[in-house]
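Asker: Can you read through this structure? Questions will come right after.
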Amino acid sequence: MATGSGSLMWFRKGLRIHDNPALERASGASSFLYPVFVIDPRYMAPDRRAFSPGSSLAGLNRIRFLLESLSDLDSSLRKLGSRLLVLKGDPGEVLVRCLKEWNINKLCFEYDTEPYYQSLDEKLKSFASSAGIETFSPVSHTLFNPADIIEKNGGRPPLSYQSFVKLAGKPLWESSTLNLSISSLPPIGDVGSMEISEVPTIIELGYSDSELVDETPFRGGESEALKRLKEFLPNKAWVANFEKPKGDPSAFDKPDTTVLSPYLKFGCLSSGYFYQCLNDVYRDVKKHTQPPVSLLGQLLWRDFFYTVAFGTPNFDRMKGNRICKQIPWDERDELLAAWREARTGYPWIDAIMVQLKKWGWMHHLARHCVACFLTRGDLFVHWEKGRDVFERLLIDSDWAINNGNWLWLSCSSFFYQYNRIYSPISFGKKYDPNGNYIRHFLPVLKDMPKEYIYEPWTAPLSVQTKAKCIIGRDYPKTVVGHDSASKECRRKMGEAYALNQRLNGSVSEQDLKNLRRKLEEDRTEEDEELDGFLVKSVVDTHRILRSGACSSISAHRDSLF
């Protein structure tokens, strides 16, 4: 057991040295410092039952990104006379053992708003308090403390971006000098009987070489985050003119955005430092975009979703979520699987899903397209199902932001103009008429002429043969017809909205079942009416043919079939 004062710095997010108040506090006035990361088997251990390589909670790309971030952190700590102590097991149990065995009198970790960590942190704080251990858990993952914003709003989170920005104002530390470097750290004390390891490799975690096929081009770590930041900040015109939702979602060689989201997610980059860097640029240029569309506006969006998520029970689900519209989503797993596995038959949608699987990242407009397609646009599949896929595969998957965006894009909360639907054909075409993005991520279509690249099913068989891509054999047929499917989705959304309004949001499970039954019955009646119309049309056609009026028939027939 170590003698003298000992501090334990628990890393989880906040995987950085710069602007890390928890690390700064842990290293101050301490004889020994124990920088700890606990590998949670729930997050890291292979789960062969999952639909993609990875654990039960995370795909392999995000696990790899995390390991790279940990290795980079370990390297930075070693330069300061320390190292990262990697332990394995349930974080709560492991940390209690550390606190007991290492004679710790100060426990420091960055505040986290996620429900899982909120529960875990309360248990650790309770133990620390009973053991006379000081606990320091500063808010440094976000620009603002969500609890402060909620208190200002009378105990409830603001539900619009504008109201959030008005309440938040400017960060109290905006003009402060952030501590961007540390000269040295206290030595590590005696670790006793605790089993300490190095940052493991993917293989050491139990994954096989065959599972390492898809690899994101974005490497994890604070060093990489700061490098990316320094590469684009000198381009002040680009920073000043950045305007979301503009940008080219089809740009893949050089993405048309910062790609800093995974580094913010893991805290490899301080959001506060990023905020100050942007303000420095804005001061140097005469004119720049403003929130909500500016880069600074995107940071505020991040805080907005964190605040709403923190103050909304059951934020990650439809049931029991007071801000979520109750909608009778379809439960057809075959449609979810086709979307998830890039088999919808719509090249723009499928290419995005391939990029997600291979890279663990895609442009925000690409995310909008596939999320809309799965939910209110075409397939009418529950947003929670799509959320789960993103949560697993994205390297920047963030609990608050991922759920918030799916609520938004499914028109379940925040945004309610459900008639505005992204076309799976024309939207991508306006950015990339030649279909280079599709050709890259769907090489089966690489020889398809650009006239058909977004709608290959319309290509004559001779063209498909020449392109070596027969629809229905080499590339799937469309799972739904967009025009009819989007019309049906709008009808269902309209009925669901009417039900929510009529019942003032208090929609029960039985109400949803009744509405689902009604929608199916209405659909059946429409199909019967259409069948009757088609039968009558065929009879009329035969009568016209028998009468010899052949000259007028071709246009009529083509309009029907």
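Every residue gets a Cβ built from N, Cα and C, even glycine.
In TrEMBL, annotation is done automatically, which means it is predicted and not curated.
I grabbed these lines from TrEMBL:
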BINDING   257-261, 298-305, 396-398  FAD binding site
DOMAIN    5-143  domain 'Photolyase/cryptochrome alpha/beta'
SITE      Trp329  site 'Electron transfer via tryptophanyl radical'
SITE      Trp383  site 'Electron transfer via tryptophanyl radical'
SITE      Trp406  site 'Electron transfer via tryptophanyl radical'
Asker: Quick check for the class: what is the C-alpha distance, in angstrom and rounded, between Trp329 (site 'Electron transfer via tryptophanyl radical') and Ser397 (FAD binding site)?
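Answerer: Approximately 23 Å lies between the Cα of Trp329 (site 'Electron transfer via tryptophanyl radical') and that of Ser397 (FAD binding site).
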Asker: By DSSP assignment, list the helix, strand and coil residue numbers for the domain 'Photolyase/cryptochrome alpha/beta' (5-143), in that order.
Answerer: 58 helix, 28 strand, 53 coil
Asker: Can you grab the distance from Asp303 (FAD binding site) over to Trp406 (site 'Electron transfer via tryptophanyl radical')? Cα atoms, rounded to a whole Å.
Answerer: 16
Asker: Averaged over the whole of the domain 'Photolyase/cryptochrome alpha/beta' (5-143), what is the pLDDT?
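Answerer: That stretch averages a pLDDT of 96.
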Asker: If one measures from the C-alpha of Val259 (FAD binding site) to the C-alpha of Trp406 (site 'Electron transfer via tryptophanyl radical'), what distance in angstrom results, rounded to a whole number?
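Answerer: The separation of the Cα atoms works out to 20 Å.
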Asker: Over all shown protein chains, what is the count of other CB atoms within 10 A of the CB belonging to Leu299 (FAD binding site)?
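Answerer: The answer is 20 other Cβ atoms.
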Asker: For Phe305 (FAD binding site), just count the other CB atoms lying within 10 A of its CB, please.
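Answerer: Excluding its own Cβ, Phe305 (FAD binding site) sees 27 Cβ atoms within 10 Å.
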Asker: Please work out the number of neighbouring Cβ atoms within 10 Å of the Cβ of Trp329 (site 'Electron transfer via tryptophanyl radical'), leaving out its own Cβ.
Answerer: 23
Asker: Please report how many Å separate the Cα atom of Leu299 (FAD binding site) from that of Trp383 (site 'Electron transfer via tryptophanyl radical'), as a whole number.
Answerer: 24
Asker: What subset of the binding-site residues Thr257, Ser261, Trp301, Phe305, Ser397 lies within 10 angstroms of Trp383 (site 'Electron transfer via tryptophanyl radical'), using C-alpha positions?
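Answerer: Of everything listed, nothing lies within 10 Å of Trp383 (site 'Electron transfer via tryptophanyl radical') (Cα to Cα).
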Asker: Rounded to the nearest angstrom, how far is the Cα of Trp406 (site 'Electron transfer via tryptophanyl radical') from the Cα of Phe305 (FAD binding site)?
Answerer: 11
Asker: Name, in the order they occur in the sequence, the residues of the same chain whose CB lies under 8 A from the CB of Ser261 (FAD binding site) and which sit 6 or more residues away.
Answerer: Trp361, Asp396, Asp398
Asker: Taking the Cα atoms as reference points, how far is Trp301 (FAD binding site) from Trp406 (site 'Electron transfer via tryptophanyl radical') in Å?
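Answerer: About 14 Å separates the two Cα atoms.
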Asker: Quick one: give me the count of other CB atoms within 10 A of the CB of Asp303 (FAD binding site).
Answerer: 24
Asker: Which number gives the other C-beta atoms within 10 angstroms of the C-beta of Trp383 (site 'Electron transfer via tryptophanyl radical'), all protein chains shown included?
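Answerer: Other Cβ atoms within 10 Å of Trp383 (site 'Electron transfer via tryptophanyl radical'): 26.
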Asker: Distance between Thr257 (FAD binding site) and Trp406 (site 'Electron transfer via tryptophanyl radical') at the Cα atoms, whole Å?
Answerer: 20
